[in-house]
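J.: There's a structure below that I have some questions on.
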Amino acid sequence: MGGAAAGTKWIRHIQRLSAAKVSAEAVERGQSRVIDASLTLIRERAKLKAELLRALGGVKASASLLGVPLGHNSSFLQGPAFAPPRIREAIWCGSTNSSTEEGKELNDPRVLTDVGDVPIQEIRDCGVEDDMLMHVISESVKAVMEEEPLRPLVLGGDHSISYPVVRAVSEKLGGPVDILHLDAHPDIYDCFEGNVYSHASSFARIMEGGHARRLLQVGLRSITKEGREQGKRFGVEQYEMRTFSKDREKLENLKLGEGVKGVYVSVDVDCLDPAFAPGVSHIEPGGLSFRDVLNILQNLQGDVVAADVVEFNPQRDTVDGMTAMVAAKLVRELTAKISK
């Protein structure tokens, strides 16, 4: 079910409850029970995985997958809500081995664990609106971070999820992070189409909240006057594709995170040229090659404390799941960057 259809379903459900003279308090109690149950499941799964890793020993940090299948804040197509299971399927499909390029084994739980998905649609179907939904996402991320040595590697979903995830990381660590953001778009509109939680406004919310010291945006090639003005307002370092050949050496030798709580990496799959990743909602020719992205990520110097991979749209992917494999490879290489 698409996000719009799900939203309509819960609105009608609330209307029926109101018609039946069910009190607002009763509805809120029911919503709270669903939220509590959702957070408990994430929390207990994270605790179990972390206990295993602590028993094994020798682990400073392990990437832990957390799916956030949210698509209703997309301004165009809502297919990214279906991405997390497709990415997991591609990671473990058997068409390639389980090693990262530097030789870390994904089959080793000290490298990669999985705590499941935040049940976004189930929560929305109870009438929970976005203010509370963003809180639930943040609390889910914190639940993972509470269990050393787990570090969240979040599977989106549209790019609106980056705001509650980064907020949680910053709040949990006690200060701002540096962010490396790879994307065709800056996603820094003040309030795109009247939606403060739009996937096109996530980094405006992050910067307003003081959750990032530095924000580097790489791969930009669809940026408006407002996008540039907002970038200047927040001191964002914006690298557009039209100057990538000049910027390449710098971007492939980044050093981030000194003096702050670490580095957060956000990869929108549409940072890639559509020749490499056609399964995205917003197809923007002239993007990065896959090896460009890997060079940037693999050469990045800094302590990566969390990351996300967002905006893969399975509904626009090729029949053989080409973009799912691309997203899975991004997850694999981010896992190598996080785990130690």
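A Cβ is built for glycine as well, from the same backbone N, Cα and C atoms used for every other residue.
Here's the feature list from TrEMBL:
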- H159, D183, H185, D187, D268, D270: Mn(2+) binding site (BINDING)
J.: Note down the number of other Cβ atoms within 10 Å of the Cβ of D187 (Mn(2+) binding site), including every protein chain shown.
T.: 30
J.: Run through the Cβ atoms and count how many others sit within 10 Å of the one on D268 (Mn(2+) binding site).
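T.: Excluding its own Cβ, the number within 10 Å is 27.
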J.: Please list, in sequence order, the residues in the chain of D270 (Mn(2+) binding site) that are at least six apart in sequence and whose C-beta is under 8 Å away from its C-beta.
T.: D183, A184, H185, A277, V280, S281, H282, I283, E284, G287, E311
J.: Taking the centroid of the Cβ atoms of H159, D183, H185, D187, D268, D270 as the Mn(2+) site, which other residues of that chain lie with their Cβ within 8 Å of it, listed in sequence order?
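T.: Not counting the recorded site residues, we get H181, A184, P186, H199, C271, H282, V310, E311.
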J.: Within its own chain, what residues at least 6 apart in sequence put their Cβ under 8 Å from the Cβ of H159 (Mn(2+) binding site), listed in sequence order?
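T.: Expected: D183, D187, H199, A200, S202, S266, D268, V310, E311.
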